[in-house]
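*Asks:* Sending over a structure as C-alpha coordinates; questions will come in a sec.
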Amino acid sequence: MASTTTCTRFTDEYQLFEELGKGAFSVVRRCMKIPTGQEYAAKIINTKKLSARDHQKLEREARICRLLKHPNIVRLHDSISEEGFHYLVFDLVTGGELFEDIVAREYYSEADASHCIQQILESVNHCHLNGIVHRDLKPENLLLASKSKGAAVKLADFGLAIEVQGDQQAWFGFAGTPGYLSPEVLRKDPYGKPVDMWACGVILYILLVGYPPFWDEDQHRLYQQIKAGAYDFPSPEWDTVTPEAKDLINKMLTINPAKRITASEALKHPWICQRSTVASMMHRQETVDCLKKFNARRKLKGAILTTMLATRNFSAAKSLLKKPDGVKINNKANVVTSPKENIPTPALEPQTTVIHNPDGNKESTESSNTTIEDEDVKARKQEIIKVTEQLIEAINNGDFEAYTKICDPGLTAFEPEALGNLVEGMDFHRFYFENALPKINKPIHTIILNPHVHLVGDDAACIAYIRLTQYMDGNGMPKTMQSEETRVWHRRDGKWQNIHFHRSGSPTVPIKPPCIPNGKENFSGGTSLWQNI
(Lines of atoms letter the chains of each structure in order from A and count residues from 1; the text may use other names and numbers.)
(Lines give C-alpha, C1' and ligand atoms only; values in the text may rest on other atoms or scores of the structure.)
Protein backbone atom coordinates (compact mmCIF):
# COMPACT_ATOMS: atom_id res chain seq x y z
CA MET A 1 0.00 0.00 0.00
CA ALA A 2 1.35 3.41 -0.97
CA SER A 3 2.22 5.67 1.95
CA THR A 4 0.83 9.20 2.23
CA THR A 5 3.46 11.91 2.00
CA THR A 6 3.14 14.45 4.82
CA CYS A 7 3.92 18.07 3.97
CA THR A 8 6.85 19.44 5.99
CA ARG A 9 7.48 22.62 4.01
CA PHE A 10 7.16 24.97 6.98
CA THR A 11 9.37 22.81 9.18
CA ASP A 12 11.94 22.56 6.37
CA GLU A 13 11.98 26.23 5.34
CA TYR A 14 11.36 28.18 8.56
CA GLN A 15 12.99 28.40 11.98
CA LEU A 16 10.77 29.32 14.94
CA PHE A 17 11.70 31.71 17.76
CA GLU A 18 9.92 33.33 20.74
CA GLU A 19 6.18 33.60 21.23
CA LEU A 20 4.59 36.94 20.32
CA GLY A 21 0.97 36.24 21.19
CA LYS A 22 -1.60 33.57 21.91
CA GLY A 23 -5.22 32.72 21.05
CA ALA A 24 -7.69 29.93 21.84
CA PHE A 25 -6.44 27.61 19.09
CA SER A 26 -3.34 29.41 17.89
CA VAL A 27 -0.02 30.92 18.89
CA VAL A 28 1.99 33.63 17.08
CA ARG A 29 5.77 33.21 17.03
CA ARG A 30 8.62 35.05 15.38
CA CYS A 31 10.15 32.98 12.62
CA MET A 32 12.86 33.22 9.98
CA LYS A 33 12.85 31.88 6.45
CA ILE A 34 16.08 29.89 6.39
CA PRO A 35 17.08 30.40 2.72
CA THR A 36 16.75 34.22 2.87
CA GLY A 37 17.16 35.11 6.57
CA GLN A 38 13.98 37.22 6.33
CA GLU A 39 11.96 37.44 9.56
CA TYR A 40 8.18 36.98 9.75
CA ALA A 41 5.41 36.32 12.26
CA ALA A 42 3.94 32.82 12.07
CA LYS A 43 0.38 32.24 13.24
CA ILE A 44 0.34 28.56 14.16
CA ILE A 45 -3.13 26.97 14.34
CA ASN A 46 -3.66 23.62 16.02
CA THR A 47 -5.99 22.05 13.45
CA LYS A 48 -6.58 18.94 15.58
CA LYS A 49 -8.83 21.05 17.83
CA LEU A 50 -10.82 22.68 15.03
CA SER A 51 -14.37 21.79 14.00
CA ALA A 52 -15.39 21.63 10.35
CA ARG A 53 -16.75 25.17 10.66
CA ASP A 54 -13.49 26.38 12.19
CA HIS A 55 -11.62 24.87 9.24
CA GLN A 56 -13.88 26.87 6.90
CA LYS A 57 -13.11 30.03 8.86
CA LEU A 58 -9.39 29.36 8.64
CA GLU A 59 -9.63 28.86 4.88
CA ARG A 60 -11.64 32.08 4.58
CA GLU A 61 -9.09 34.07 6.60
CA ALA A 62 -6.20 32.74 4.48
CA ARG A 63 -8.10 33.42 1.25
CA ILE A 64 -8.89 37.00 2.31
CA CYS A 65 -5.35 37.73 3.50
CA ARG A 66 -3.84 36.40 0.26
CA LEU A 67 -6.07 38.78 -1.67
CA LEU A 68 -5.09 41.93 0.25
CA LYS A 69 -1.78 43.51 -0.71
CA HIS A 70 -1.47 47.06 0.63
CA PRO A 71 1.19 49.02 2.56
CA ASN A 72 -1.31 49.65 5.39
CA ILE A 73 -2.36 46.02 5.80
CA VAL A 74 -0.35 43.28 7.51
CA ARG A 75 0.51 41.06 4.57
CA LEU A 76 0.22 37.28 4.36
CA HIS A 77 3.30 35.80 2.68
CA ASP A 78 2.62 32.09 2.98
CA SER A 79 -0.05 29.61 4.02
CA ILE A 80 1.17 26.08 4.75
CA SER A 81 -0.75 23.08 6.03
CA GLU A 82 1.11 20.30 7.81
CA GLU A 83 -0.18 17.36 9.82
CA GLY A 84 -2.00 18.74 12.87
CA PHE A 85 -1.02 22.37 12.26
CA HIS A 86 -1.62 25.18 9.79
CA TYR A 87 0.90 28.02 9.44
CA LEU A 88 0.03 31.55 8.29
CA VAL A 89 3.21 33.53 7.67
CA PHE A 90 2.67 37.30 8.04
CA ASP A 91 4.74 40.49 8.02
CA LEU A 92 6.63 40.86 11.28
CA VAL A 93 5.37 44.19 12.63
CA THR A 94 7.53 45.43 15.50
CA GLY A 95 6.13 48.88 16.29
CA GLY A 96 3.37 47.72 18.63
CA GLU A 97 -0.09 49.25 18.81
CA LEU A 98 -0.73 52.67 17.27
CA PHE A 99 -2.53 53.89 20.42
CA GLU A 100 0.42 52.92 22.63
CA ASP A 101 2.80 54.79 20.35
CA ILE A 102 0.71 57.97 20.45
CA VAL A 103 0.91 58.26 24.24
CA ALA A 104 4.70 57.97 24.10
CA ARG A 105 5.02 60.93 21.73
CA GLU A 106 6.17 64.33 22.91
CA TYR A 107 3.95 66.05 20.39
CA TYR A 108 0.52 64.97 19.13
CA SER A 109 -1.92 67.16 17.23
CA GLU A 110 -5.16 67.03 15.30
CA ALA A 111 -3.06 66.87 12.13
CA ASP A 112 -1.37 63.72 13.48
CA ALA A 113 -4.79 62.19 14.13
CA SER A 114 -5.73 63.06 10.55
CA HIS A 115 -2.63 61.26 9.25
CA CYS A 116 -3.42 58.19 11.39
CA ILE A 117 -7.04 57.90 10.26
CA GLN A 118 -6.00 58.50 6.65
CA GLN A 119 -3.84 55.37 6.75
CA ILE A 120 -6.64 53.41 8.39
CA LEU A 121 -9.06 54.63 5.71
CA GLU A 122 -6.59 53.64 2.99
CA SER A 123 -6.52 50.09 4.36
CA VAL A 124 -10.32 49.96 4.70
CA ASN A 125 -10.79 51.35 1.19
CA HIS A 126 -8.49 48.64 -0.20
CA CYS A 127 -10.51 45.99 1.65
CA HIS A 128 -13.81 47.34 0.35
CA LEU A 129 -12.56 47.63 -3.23
CA ASN A 130 -11.71 43.93 -3.00
CA GLY A 131 -15.08 42.96 -1.55
CA ILE A 132 -13.84 42.47 2.01
CA VAL A 133 -15.48 43.76 5.22
CA HIS A 134 -13.13 43.61 8.23
CA ARG A 135 -15.87 43.69 10.93
CA ASP A 136 -13.44 44.15 13.83
CA LEU A 137 -11.75 47.53 13.46
CA LYS A 138 -10.48 48.58 16.90
CA PRO A 139 -7.25 49.89 18.51
CA GLU A 140 -5.91 46.38 19.20
CA ASN A 141 -5.86 45.70 15.45
CA LEU A 142 -4.04 48.90 14.46
CA LEU A 143 -0.29 48.25 14.54
CA LEU A 144 2.87 50.07 13.46
CA ALA A 145 5.30 48.53 11.00
CA SER A 146 8.32 49.42 13.14
CA LYS A 147 9.46 51.65 16.00
CA SER A 148 10.85 54.20 13.55
CA LYS A 149 9.32 57.68 13.57
CA GLY A 150 6.62 57.91 10.92
CA ALA A 151 6.24 54.12 10.58
CA ALA A 152 3.20 53.00 8.60
CA VAL A 153 -0.04 52.04 10.35
CA LYS A 154 -0.95 48.42 9.58
CA LEU A 155 -4.42 46.89 9.84
CA ALA A 156 -4.26 43.37 11.30
CA ASP A 157 -6.43 40.38 12.27
CA PHE A 158 -8.85 39.35 9.53
CA GLY A 159 -10.29 36.49 11.59
CA LEU A 160 -13.80 37.98 11.44
CA ALA A 161 -13.53 39.41 7.92
CA ILE A 162 -16.16 38.42 5.36
CA GLU A 163 -16.43 38.47 1.58
CA VAL A 164 -19.25 40.49 0.00
CA GLN A 165 -20.41 41.15 -3.54
CA GLY A 166 -20.38 44.86 -4.38
CA ASP A 167 -22.65 46.75 -2.00
CA GLN A 168 -24.35 43.56 -0.81
CA GLN A 169 -26.20 43.82 2.51
CA ALA A 170 -26.99 40.61 4.38
CA TRP A 171 -27.09 39.21 7.91
CA PHE A 172 -23.61 37.78 8.38
CA GLY A 173 -23.99 37.15 12.11
CA PHE A 174 -23.42 39.15 15.27
CA ALA A 175 -19.69 39.82 15.31
CA GLY A 176 -17.32 42.56 16.40
CA THR A 177 -16.32 44.33 19.62
CA PRO A 178 -19.06 46.01 21.73
CA GLY A 179 -18.00 49.68 21.67
CA TYR A 180 -17.31 49.58 17.92
CA LEU A 181 -20.47 47.77 16.75
CA SER A 182 -22.71 49.66 14.34
CA PRO A 183 -26.44 50.30 14.87
CA GLU A 184 -27.40 47.96 12.02
CA VAL A 185 -25.50 45.05 13.56
CA LEU A 186 -27.14 45.70 16.94
CA ARG A 187 -30.55 45.87 15.24
CA LYS A 188 -29.66 42.58 13.53
CA ASP A 189 -30.37 44.18 10.16
CA PRO A 190 -28.60 43.21 6.92
CA TYR A 191 -25.22 44.93 6.83
CA GLY A 192 -22.08 45.33 4.73
CA LYS A 193 -19.15 47.68 4.17
CA PRO A 194 -20.64 50.64 6.14
CA VAL A 195 -20.03 48.78 9.45
CA ASP A 196 -16.30 49.40 9.00
CA MET A 197 -16.89 53.11 8.50
CA TRP A 198 -18.89 53.32 11.73
CA ALA A 199 -15.94 51.74 13.57
CA CYS A 200 -13.62 54.27 11.88
CA GLY A 201 -15.81 57.03 13.32
CA VAL A 202 -15.43 55.59 16.83
CA ILE A 203 -11.66 55.30 16.36
CA LEU A 204 -11.35 58.87 15.05
CA TYR A 205 -13.34 60.19 18.01
CA ILE A 206 -10.91 58.44 20.39
CA LEU A 207 -7.89 59.70 18.43
CA LEU A 208 -9.04 63.28 19.00
CA VAL A 209 -9.98 63.25 22.71
CA GLY A 210 -8.72 59.96 24.17
CA TYR A 211 -12.10 58.47 25.15
CA PRO A 212 -14.88 56.75 23.14
CA PRO A 213 -18.15 58.34 21.95
CA PHE A 214 -20.31 55.55 23.39
CA TRP A 215 -19.69 54.31 26.91
CA ASP A 216 -21.65 52.55 29.63
CA GLU A 217 -20.88 49.91 32.25
CA ASP A 218 -24.07 48.09 31.23
CA GLN A 219 -23.95 46.51 27.80
CA HIS A 220 -27.67 46.90 27.18
CA ARG A 221 -27.49 50.65 27.82
CA LEU A 222 -24.34 50.90 25.68
CA TYR A 223 -26.17 49.26 22.78
CA GLN A 224 -29.13 51.62 23.23
CA GLN A 225 -26.72 54.57 22.99
CA ILE A 226 -25.20 53.22 19.79
CA LYS A 227 -28.54 52.44 18.14
CA ALA A 228 -29.75 55.96 18.96
CA GLY A 229 -26.47 57.53 17.80
CA ALA A 230 -26.33 59.26 21.20
CA TYR A 231 -22.93 60.96 21.26
CA ASP A 232 -21.86 64.59 21.53
CA PHE A 233 -18.82 66.88 21.55
CA PRO A 234 -18.60 68.13 25.16
CA SER A 235 -16.64 71.14 26.35
CA PRO A 236 -13.90 71.96 26.96
CA GLU A 237 -11.93 69.25 25.12
CA TRP A 238 -13.96 69.50 21.90
CA ASP A 239 -13.83 73.30 21.79
CA THR A 240 -10.31 73.13 20.34
CA VAL A 241 -11.22 70.56 17.65
CA THR A 242 -11.87 72.03 14.20
CA PRO A 243 -15.41 71.93 12.75
CA GLU A 244 -14.09 69.90 9.80
CA ALA A 245 -12.95 67.08 12.13
CA LYS A 246 -16.36 67.02 13.82
CA ASP A 247 -18.03 67.00 10.41
CA LEU A 248 -16.10 63.91 9.35
CA ILE A 249 -17.01 62.13 12.60
CA ASN A 250 -20.68 63.00 12.07
CA LYS A 251 -20.55 61.60 8.55
CA MET A 252 -18.95 58.37 9.83
CA LEU A 253 -21.33 58.01 12.80
CA THR A 254 -24.47 58.36 10.69
CA ILE A 255 -27.09 55.88 11.90
CA ASN A 256 -28.45 55.11 8.42
CA PRO A 257 -25.74 53.00 6.71
CA ALA A 258 -27.00 54.04 3.26
CA LYS A 259 -26.19 57.68 4.12
CA ARG A 260 -22.92 56.96 5.94
CA ILE A 261 -19.74 58.22 4.27
CA THR A 262 -17.70 55.60 2.37
CA ALA A 263 -13.96 55.07 2.72
CA SER A 264 -13.23 56.59 -0.69
CA GLU A 265 -15.40 59.63 0.11
CA ALA A 266 -13.74 60.07 3.51
CA LEU A 267 -10.31 60.12 1.88
CA LYS A 268 -11.50 63.13 -0.16
CA HIS A 269 -12.77 65.01 2.91
CA PRO A 270 -10.95 68.36 3.41
CA TRP A 271 -9.81 67.37 6.91
CA ILE A 272 -7.96 64.43 5.33
CA CYS A 273 -6.78 65.60 1.92
CA GLN A 274 -6.13 69.24 2.89
CA ARG A 275 -4.63 68.45 6.28
CA SER A 276 -1.89 71.09 6.24
CA THR A 277 -4.38 73.95 5.93
CA VAL A 278 -7.47 72.51 7.65
CA ALA A 279 -6.35 70.39 10.64
CA SER A 280 -5.07 72.10 13.78
CA MET A 281 -1.37 71.76 14.66
CA MET A 282 -1.90 72.50 18.36
CA HIS A 283 -0.44 69.91 20.76
CA ARG A 284 -3.26 67.98 22.50
CA GLN A 285 -1.81 67.04 25.91
CA GLU A 286 -5.22 66.30 27.44
CA THR A 287 -5.91 63.83 24.64
CA VAL A 288 -2.61 62.06 25.36
CA ASP A 289 -3.41 61.94 29.09
CA CYS A 290 -6.90 60.54 28.47
CA LEU A 291 -5.57 58.06 25.95
CA LYS A 292 -3.10 56.74 28.55
CA LYS A 293 -6.02 55.97 30.87
CA PHE A 294 -8.01 54.48 28.00
CA ASN A 295 -5.10 52.19 27.06
CA ALA A 296 -4.54 51.13 30.67
CA ARG A 297 -8.22 50.32 31.07
CA ARG A 298 -8.24 48.27 27.85
CA LYS A 299 -5.22 46.24 28.95
CA LEU A 300 -6.44 45.68 32.50
CA LYS A 301 -9.94 44.69 31.54
CA GLY A 302 -8.65 42.51 28.72
CA ALA A 303 -6.46 40.66 31.23
CA ILE A 304 -9.37 40.24 33.64
CA LEU A 305 -11.60 38.91 30.87
CA THR A 306 -8.91 36.47 29.75
CA THR A 307 -8.62 35.17 33.31
CA MET A 308 -12.40 34.85 33.58
CA LEU A 309 -12.64 32.93 30.31
CA ALA A 310 -9.89 30.58 31.45
CA THR A 311 -11.45 29.86 34.85
CA ARG A 312 -15.20 30.26 34.30
CA ASN A 313 -17.49 27.45 35.37
CA PHE A 314 -19.78 27.09 32.37
CA SER A 315 -22.56 25.42 34.35
CA ALA A 316 -25.55 27.63 33.60
CA ALA A 317 -27.23 26.85 36.90
CA LYS A 318 -24.18 27.80 38.96
CA SER A 319 -23.32 30.85 36.91
CA LEU A 320 -26.80 32.28 37.39
CA LEU A 321 -26.41 32.07 41.15
CA LYS A 322 -22.73 32.74 41.81
CA LYS A 323 -20.23 35.34 40.60
CA PRO A 324 -16.62 34.28 40.01
CA ASP A 325 -14.47 35.19 43.01
CA GLY A 326 -12.67 38.50 42.73
CA VAL A 327 -14.51 39.60 39.59
CA LYS A 328 -17.38 42.06 39.60
CA ILE A 329 -20.04 41.12 37.12
CA ASN A 330 -22.79 43.46 36.06
CA ASN A 331 -25.53 40.82 35.98
CA LYS A 332 -28.71 42.59 35.03
CA ALA A 333 -29.81 40.11 32.40
CA ASN A 334 -32.91 39.00 34.30
CA VAL A 335 -34.36 42.49 34.64
CA VAL A 336 -37.25 43.00 32.23
CA THR A 337 -37.26 46.50 30.79
CA SER A 338 -39.27 48.11 28.05
CA PRO A 339 -37.55 49.67 25.05
CA LYS A 340 -40.26 52.34 25.05
CA GLU A 341 -38.27 54.29 27.62
CA ASN A 342 -35.64 55.03 24.99
CA ILE A 343 -37.16 54.30 21.60
CA PRO A 344 -40.71 55.46 20.82
CA THR A 345 -42.79 52.95 18.86
CA PRO A 346 -46.14 53.21 17.10
CA ALA A 347 -49.00 52.46 19.48
CA LEU A 348 -50.23 49.31 17.75
CA GLU A 349 -46.92 47.96 16.47
CA PRO A 350 -46.21 44.46 17.85
CA GLN A 351 -42.76 44.39 19.41
CA THR A 352 -40.29 41.67 20.30
CA THR A 353 -37.55 42.39 22.83
CA VAL A 354 -34.73 39.97 23.52
CA ILE A 355 -33.32 40.22 27.04
CA HIS A 356 -30.74 37.54 27.26
CA ASN A 357 -27.57 36.24 28.73
CA PRO A 358 -26.68 33.01 26.90
CA ASP A 359 -23.94 31.90 29.28
CA GLY A 360 -25.72 32.95 32.43
CA ASN A 361 -23.20 35.74 33.13
CA LYS A 362 -23.01 39.26 31.82
CA GLU A 363 -19.78 41.16 32.13
CA SER A 364 -19.77 44.92 32.14
CA THR A 365 -18.79 46.47 28.85
CA GLU A 366 -15.73 47.94 30.48
CA SER A 367 -14.23 44.46 30.31
CA SER A 368 -15.47 43.86 26.80
CA ASN A 369 -12.80 45.25 24.53
CA THR A 370 -12.47 41.61 23.46
CA THR A 371 -14.03 40.56 20.18
CA ILE A 372 -17.48 39.06 20.40
CA GLU A 373 -18.02 35.66 18.78
CA ASP A 374 -16.22 32.75 20.36
CA GLU A 375 -14.80 32.10 16.92
CA ASP A 376 -18.29 32.09 15.29
CA VAL A 377 -20.31 30.25 17.91
CA LYS A 378 -21.94 33.41 19.25
CA ALA A 379 -22.77 34.58 15.74
CA ARG A 380 -24.55 31.29 15.05
CA LYS A 381 -26.44 31.54 18.33
CA GLN A 382 -27.51 35.09 17.45
CA GLU A 383 -28.77 33.75 14.12
CA ILE A 384 -31.09 31.37 15.98
CA ILE A 385 -32.29 34.12 18.32
CA LYS A 386 -32.95 36.38 15.33
CA VAL A 387 -34.98 33.81 13.39
CA THR A 388 -36.97 33.05 16.58
CA GLU A 389 -37.72 36.78 16.87
CA GLN A 390 -38.87 36.81 13.24
CA LEU A 391 -41.19 33.87 13.87
CA ILE A 392 -42.78 35.54 16.90
CA GLU A 393 -43.15 38.80 14.96
CA ALA A 394 -45.01 36.87 12.25
CA ILE A 395 -47.34 35.53 14.96
CA ASN A 396 -47.89 38.97 16.50
CA ASN A 397 -48.60 40.44 13.06
CA GLY A 398 -51.00 37.61 12.13
CA ASP A 399 -48.87 36.96 9.04
CA PHE A 400 -49.47 33.30 8.19
CA GLU A 401 -47.49 33.53 4.95
CA ALA A 402 -44.37 34.73 6.80
CA TYR A 403 -44.98 32.08 9.49
CA THR A 404 -45.10 29.24 6.93
CA LYS A 405 -41.84 30.41 5.36
CA ILE A 406 -40.08 30.06 8.71
CA CYS A 407 -41.72 26.76 9.73
CA ASP A 408 -41.29 23.31 8.24
CA PRO A 409 -44.54 22.02 6.61
CA GLY A 410 -44.34 19.01 8.94
CA LEU A 411 -43.88 21.14 12.07
CA THR A 412 -44.64 19.17 15.23
CA ALA A 413 -45.74 20.73 18.50
CA PHE A 414 -46.74 20.03 22.10
CA GLU A 415 -48.78 22.86 23.63
CA PRO A 416 -51.51 23.36 26.23
CA GLU A 417 -54.29 23.84 23.65
CA ALA A 418 -53.56 20.46 22.05
CA LEU A 419 -54.54 18.77 25.35
CA GLY A 420 -51.40 16.67 25.56
CA ASN A 421 -51.49 15.55 21.92
CA LEU A 422 -48.63 15.91 19.47
CA VAL A 423 -49.82 18.20 16.67
CA GLU A 424 -48.28 17.79 13.22
CA GLY A 425 -48.53 20.11 10.23
CA MET A 426 -49.84 23.65 9.78
CA ASP A 427 -53.64 23.24 9.78
CA PHE A 428 -53.95 23.38 13.57
CA HIS A 429 -52.11 26.72 13.61
CA ARG A 430 -53.83 28.08 10.48
CA PHE A 431 -57.14 28.19 12.39
CA TYR A 432 -55.76 30.74 14.85
CA PHE A 433 -54.21 32.92 12.15
CA GLU A 434 -57.47 33.02 10.20
CA ASN A 435 -59.94 33.34 13.07
CA ALA A 436 -58.26 34.68 16.18
CA LEU A 437 -55.30 36.85 15.26
CA PRO A 438 -57.23 39.21 12.91
CA LYS A 439 -59.36 40.22 15.91
CA ILE A 440 -56.41 41.69 17.81
CA ASN A 441 -56.75 45.46 18.01
CA LYS A 442 -54.59 46.12 21.05
CA PRO A 443 -50.85 46.75 21.33
CA ILE A 444 -48.82 43.59 21.88
CA HIS A 445 -45.25 43.47 23.14
CA THR A 446 -43.53 40.10 23.25
CA ILE A 447 -40.35 39.61 25.27
CA ILE A 448 -37.99 36.70 24.74
CA LEU A 449 -36.37 36.43 28.15
CA ASN A 450 -32.90 34.95 28.64
CA PRO A 451 -32.71 32.63 25.61
CA HIS A 452 -30.32 29.68 25.72
CA VAL A 453 -29.18 28.25 22.40
CA HIS A 454 -27.66 24.80 21.96
CA LEU A 455 -25.95 24.21 18.61
CA VAL A 456 -26.22 20.67 17.26
CA GLY A 457 -23.67 20.49 14.46
CA ASP A 458 -23.67 23.06 11.68
CA ASP A 459 -27.31 22.74 10.59
CA ALA A 460 -29.37 22.18 13.72
CA ALA A 461 -30.04 24.09 16.92
CA CYS A 462 -32.35 24.19 19.90
CA ILE A 463 -33.44 27.35 21.71
CA ALA A 464 -35.15 27.54 25.11
CA TYR A 465 -36.57 30.75 26.57
CA ILE A 466 -39.33 32.35 28.59
CA ARG A 467 -41.88 34.22 26.49
CA LEU A 468 -43.63 37.16 28.12
CA THR A 469 -46.49 38.87 26.31
CA GLN A 470 -47.66 42.30 27.42
CA TYR A 471 -51.08 43.56 26.31
CA MET A 472 -53.91 45.88 27.34
CA ASP A 473 -57.16 44.23 28.44
CA GLY A 474 -60.65 45.47 27.59
CA ASN A 475 -60.61 47.81 30.56
CA GLY A 476 -57.36 49.42 29.46
CA MET A 477 -55.35 47.67 32.15
CA PRO A 478 -51.87 46.29 31.33
CA LYS A 479 -51.57 42.50 31.58
CA THR A 480 -48.73 40.03 31.14
CA MET A 481 -48.86 36.36 30.16
CA GLN A 482 -45.95 33.93 30.49
CA SER A 483 -45.04 30.64 28.83
CA GLU A 484 -41.91 28.54 28.59
CA GLU A 485 -40.90 27.52 25.07
CA THR A 486 -38.38 25.28 23.38
CA ARG A 487 -37.92 25.34 19.60
CA VAL A 488 -35.86 23.04 17.41
CA TRP A 489 -34.41 24.53 14.23
CA HIS A 490 -32.96 22.84 11.15
CA ARG A 491 -31.18 24.56 8.27
CA ARG A 492 -32.22 23.50 4.77
CA ASP A 493 -30.84 25.12 1.62
CA GLY A 494 -29.24 27.83 3.74
CA LYS A 495 -32.51 28.79 5.51
CA TRP A 496 -33.45 28.01 9.11
CA GLN A 497 -36.84 26.32 9.62
CA ASN A 498 -38.66 25.55 12.86
CA ILE A 499 -39.33 21.79 12.88
CA HIS A 500 -40.65 21.36 16.45
CA PHE A 501 -41.69 23.40 19.45
CA HIS A 502 -42.85 22.63 22.97
CA ARG A 503 -44.71 25.18 25.04
CA SER A 504 -45.79 24.93 28.66
CA GLY A 505 -47.57 27.38 30.89
CA SER A 506 -50.39 29.66 29.83
CA PRO A 507 -51.20 30.40 26.19
CA THR A 508 -49.58 33.58 25.05
CA VAL A 509 -51.85 36.17 23.41
CA PRO A 510 -55.40 36.94 24.59
CA ILE A 511 -57.92 37.37 21.80
CA LYS A 512 -61.22 39.22 21.96
CA PRO A 513 -64.15 36.75 22.20
CA PRO A 514 -66.20 36.52 18.99
CA CYS A 515 -69.44 37.18 20.85
CA ILE A 516 -69.73 39.29 24.03
CA PRO A 517 -73.09 39.82 25.77
CA ASN A 518 -74.21 43.45 25.96
CA GLY A 519 -71.20 44.44 23.85
CA LYS A 520 -68.90 44.30 26.88
CA GLU A 521 -65.39 42.91 26.74
CA ASN A 522 -64.49 40.62 29.61
CA PHE A 523 -60.89 39.52 29.84
CA SER A 524 -60.89 38.99 33.59
CA GLY A 525 -63.35 36.14 33.93
CA GLY A 526 -65.25 35.61 30.70
CA THR A 527 -64.68 33.32 27.76
CA SER A 528 -61.72 34.08 25.55
CA LEU A 529 -59.94 32.63 22.57
CA TRP A 530 -56.19 32.08 22.89
CA GLN A 531 -53.40 32.12 20.41
CA ASN A 532 -51.97 28.68 20.01
CA ILE A 533 -48.88 28.91 17.77
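Backbone N, Cα and C atoms are what each Cβ position is placed from, and that goes for glycine too.
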*Asks:* Looking at phosphoserine as annotated by Swiss-Prot, pick the matching residue from Ser51, Ser367.
*Replies:* Ser367
*Asks:* For the region 'Autoinhibitory domain' entry in Swiss-Prot, name the matching range from 133-142, 233-242, 283-292, 493-502.
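*Replies:* Matching range for region 'Autoinhibitory domain': 283-292.
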*Asks:* If we count other C-beta atoms within 10 Å, could you say which of the recorded positions Ser26, Thr287 has the fewest?
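*Replies:* Comparing Cβ neighbours within 10 Å for the recorded positions Ser26, Thr287, Ser26 has the fewest.
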*Asks:* Taking the Cβ of Val28 (ATP binding site) as centre, how many other Cβ atoms lie within 10 Å?
*Replies:* 17
*Asks:* Among Leu20, Lys22, Asp136, the recorded positions in question, whose Cβ has the most other Cβ atoms within 10 Å in this structure?
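*Replies:* By the 10 Å Cβ neighbour count, Asp136 comes out on top.
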*Asks:* Just to confirm my parser: what is the rounded mean pLDDT across the region 'Calmodulin-binding' (291-301)?
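*Replies:* The average pLDDT of the model in the region 'Calmodulin-binding' (291-301) works out to 83.
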*Asks:* Could you state the whole-number distance in Å separating the C-alpha atoms of Asp136 (active site, proton acceptor) and Thr287 (phosphothreonine)?
*Replies:* 24
*Asks:* Please report how many Å separate the Cα atom of Val28 (ATP binding site) from that of Thr287 (phosphothreonine), as a whole number.
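*Replies:* Between the Cα atoms of Val28 (ATP binding site) and Thr287 (phosphothreonine), the distance comes to 32 Å.
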*Asks:* Return only the integer: C-alpha distance in Å from Lys22 (ATP binding site) to Thr287 (phosphothreonine).
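*Replies:* Rounded to the nearest whole number, the Cα-Cα distance is 31 Å.
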*Asks:* Measuring Cα to Cα, how far is Ser26 (ATP binding site) from Thr287 (phosphothreonine) in Å?
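*Replies:* Here the two Cα atoms lie 35 Å apart.
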